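Chemist: Just lifted these from TrEMBL, have a look:
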type    : residues                                                     : note
BINDING : Gly88, Arg93, Asp110, Val111, Thr112, Leu138, Gln139, Gln154 : S-adenosyl-L-methionine binding site
Amino acid sequence: HLHRNYNCRKNFMKLSCTKMEDCLIEDQTTFYSKAEHYWKEVPPTVDGMLGGYGSISSIDINGSKLFLQKFLGEGQGKTGTGCALDCGAGIGRITKRLLLPLFRTVDLVDVTQEFLDKARSYLGEEAKQVENYFCCGLQDFQPQPKRYDVIWIQWVIGHLTDDHLVEFLRRCRSGLRPDGLIVVKDNVAFEGVIPDDVDSSVCRDLNVLHRLVARAGLNIICEEQQQNFPEEIYQVHTLALR
C-alpha cells in the first residue's frame, strides 16, 4: 500500500540496495510470512487498504481511469473489456470503482481471506460480476491462460522478490487475451531498493523496475506519474505492459 517516504537523503545510501535480494536480511519464507501476518492485522476497510490514506482513494481511481481508458475500446490494437484481474485486491476497492464499471467480469486475487470475504459485501450489487475470488500470494498465483483483457497490479509488487516478480509477470503475460494489457501501479523510490520492515516489502526505483519488466519479456507501452498525491509519500507511477 501507500508508504511515507521516510528516508531523507543523509541516511539514504545505507538503506538502499541495487537489487531486492540484497535487502533481504532474512530468508524468503520469512519475508512472505511476515507480510501475511502484517495484513492479517489490518482492518478490512478502504483506509486499511491504503495505510491510513483513504482520503486519496478518489484521486487514485480517477487517475487510473484516465490512464486505462486510453487503451480500451473496439478495433485494431484496442484492449477488450471482457474480463479483468485485480491483483492484491484486498476488499475490492479498485475492483468496485475502476474495474467493474469498465469490464463485464472481474476476478480478485489476494493473500488475505478476510479481505476477500469482506469484498463480497463491500462490492454490493456489483458482486454478481465477480467470477472468482482467489486466496493466494502472487508468488504462487497462476492466471488462467488467455483469460484476461487487463491484469491490474497495484501497490503489491513490493511484496514479491525480484525473481518472483519476474516469474509472476511472465505468467501474467500468458494470461492475457489478444491486445491485453498488464498495468502496474506502485510506489517508486528515488534511488535503489528501499526495504520496509513494518509490512515486509520493498520500494524499487524506476531503473530497477524497468530491468525486471524487461527480464519478464514485456515492453512498456505507456508510463505516467500519478498527480495530486500528498507530498510526504513516495511518487507513484503507472506502467502499461504487454
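Cβ atoms here come from the backbone N, Cα and C positions, even for glycine.
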Chemist: Out of Gln139, Gln154, give me whichever of these binding-site residues has the highest number of other Cβ atoms within 10 Å.
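Modeler: Output for this query is Gln154.
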Chemist: Taking the Cβ of Val111 (S-adenosyl-L-methionine binding site) as the reference point, list residues of the same chain whose Cβ is under 8 angstroms away and which are at least six residues distant in sequence.
Modeler: Ala35, Glu36, Trp39, Gly88, Cys135, Cys136, Gly137, Leu138
